[in-house]
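**Student:** Let me begin by handing over the structure; questions about it come next.
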Amino acid sequence: MPMHKEAKIYVAGHRGLVGSAILRRLRAEGYSNIVTRTRQELDLTDQRAVYQFFEAERPEYVFLAAAKVGGILANSTYPADFIRENLLIQTNVIDAAYRYGVKKLLFLGSSCIYPKFAPQPIKEEYLLTGALEPTNEPYAVAKIAGIKMCQAYNKQYGTNFISVMPTNLYGPGDNFDLETSHVLPALIRKFHEAKVAGAPHVVIWGSGTPRREFLHVDDLANACLFLMNNYDSSEIINIGVGEDLTIAELANLIKEIVGYQGEIVFDTTKPDGTPRKLLDVSKIFNLGWRPRIRLEDGIRSTYEWFVRNYNC
Ligand SMILES: NC(=O)C1=CN([C@@H]2O[C@H](COP(=O)(O)OP(=O)(O)OC[C@H]3O[C@@H](n4cnc5c(N)ncnc54)[C@H](OP(=O)(O)O)[C@@H]3O)[C@@H](O)[C@H]2O)C=CC1
Ligand SMILES: C[C@H]1O[C@H](OP(=O)(O)OP(=O)(O)OC[C@H]2O[C@@H](n3cnc4c(=O)[nH]c(N)nc43)[C@H](O)[C@@H]2O)[C@@H](O)[C@@H](O)C1=O
């Protein structure tokens, strides 16, 4: 059953890339009873605080978009933080959702849960059929635990917790820190700063040959609301666009959009990560959902957002 417009909805992680987009979308669609807490107000790794919050607020629906998130370097530098914080946050929120009678919860997984060498495009059924990519294995193991926890609670307690697997995301509100960000915001920043400084070249990590798929976060938010209102299965479901490109192609596209004239240099001492990560999106497409924002348009608007918000 779809959420009614006055339903009490908790968006966990509402200041992040995904949570802020879900909040925008909920407000745009007229949902008026939305609960949020900053990390300062509610640390989701603190079980007691999470139970107290659910007991006091009694949300009917939960979008679980709070997590420890980062790009390839952050994941490989802080594996302990990635597994610990994600296990704690998701365990606390999923368990509290069960204990305090949440009608439906949407858990955000990630495409990195699939085997490193999964056949392409990646179908949902490939989960746990092979070894994971080492640069983000602890994060992926935490996400897989979250999926299994939702499924186990549905089976044992009859809850309605769904798990969605988005591909790589980007958009307004992304993390542009060069040490911890994902590739797309990192390249926007690198090309912009090189243009402003008149630098002769921009360094791209790895060989440029890995392929990635990119989904604008406003499309992702749209998909999350669509699934919250139309999907009631324990089976995981992919969210993507169904097309990918190489990191070198992405770099050239961003270079052109930013208007940078210099060279691109590849630093092959940095990891490539998974060689290819293209999701099979036939399941969500068959339900009637489609992304709307073309990659080039999405990068252009995200670049404009970056320039406005980073004061450069
Ligand atoms: N970005 C991507 O490319 C992809 C993301 N996803 C998934 O989407 C979800 C959201 O990711 P994204 O929006 O990119 O991440 P962000 O880092 O942008 O946002 C994460 C949010 O979680 C909050 N948070 C983190 N730790 C805690 C804590 N201990 N207590 C309370 N709040 C906390 C952060 O709060 P604060 O702002 O205070 O730090 C922030 O609002 C994650 O589950 C991620 O795995 C899936 C696929 C791709
Ligand atoms: C969403 C997903 O995101 C991560 O996996 P990833 O897709 O490998 O992440 P990424 O965006 O950081 O890199 C993609 C590719 O791009 C190359 N690359 C080039 N130059 C830069 C660069 O400047 N920064 C970054 N970060 N990467 C660069 C980089 O070497 C790699 O080949 C995991 O957190 C994983 O857990 C997860 O869920």
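All positions are counted from 1 along the displayed chain.
Yeah, the Cβs are placed from backbone N, Cα and C, and that goes for glycine too.
Remember, it's a predicted structure, so these values are computed and weren't measured experimentally.
Straight from TrEMBL, here's the annotation block:
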{"type": "DOMAIN", "residues": "9-240", "note": "domain 'NAD-dependent epimerase/dehydratase'"}
{"type": "BINDING", "residues": "13-19, 108-111, Lys143, 166-169, His182", "note": "NADP(+) binding site"}
{"type": "SITE", "residues": "Ser110", "note": "site 'Important for catalytic activity'"}
{"type": "SITE", "residues": "Cys112", "note": "site 'Important for catalytic activity'"}
{"type": "ACT_SITE", "residues": "Tyr139", "note": "active site, proton donor/acceptor"}
{"type": "BINDING", "residues": "Lys190, Trp205, Arg212, Asp272", "note": "substrate binding site"}
**Student:** For the binding-site residues Gly13, Gly16, Gly19, Pro166, Leu169, which residues place their CB under 6 A from an atom of ligand 2?
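**Tutor:** Among Gly13, Gly16, Gly19, Pro166, Leu169, near ligand 2: none.
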**Student:** Per DSSP, to which secondary structure element type does Ser110 (NADP(+) binding site) belong, with helix, strand and coil as the options?
**Tutor:** coil
**Student:** How many Å separate the Cα atoms of Gly19 (NADP(+) binding site) and Tyr139 (active site, proton donor/acceptor)?
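**Tutor:** One finds 19 Å between the Cα atoms of these residues.
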**Student:** Rounded to a whole angstrom, what is the C-alpha distance between Cys112 (site 'Important for catalytic activity') and the residue listed as 'active site, proton donor/acceptor'?
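**Tutor:** That comes out at 8 Å between the alpha carbons.
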**Student:** In Å, rounded, how far does the Cα of Pro166 (NADP(+) binding site) sit from the Cα of Arg212 (substrate binding site)?
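**Tutor:** Given the Cα positions, Pro166 (NADP(+) binding site) is 12 Å from Arg212 (substrate binding site).
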**Student:** To the nearest whole angstrom, state the Cα distance for the pair Gly13 (NADP(+) binding site) and Asp272 (substrate binding site).
**Tutor:** 29
**Student:** Rounded to the nearest angstrom, how far is the Cα of Arg212 (substrate binding site) from the Cα of Ser110 (NADP(+) binding site)?
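**Tutor:** Between the alpha carbons of Ser110 (NADP(+) binding site) and Arg212 (substrate binding site) there are 13 Å.
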**Student:** Given Trp205 (substrate binding site) and Gly16 (NADP(+) binding site), what distance in Å do their CA atoms have, once rounded to a whole number?
**Tutor:** 25
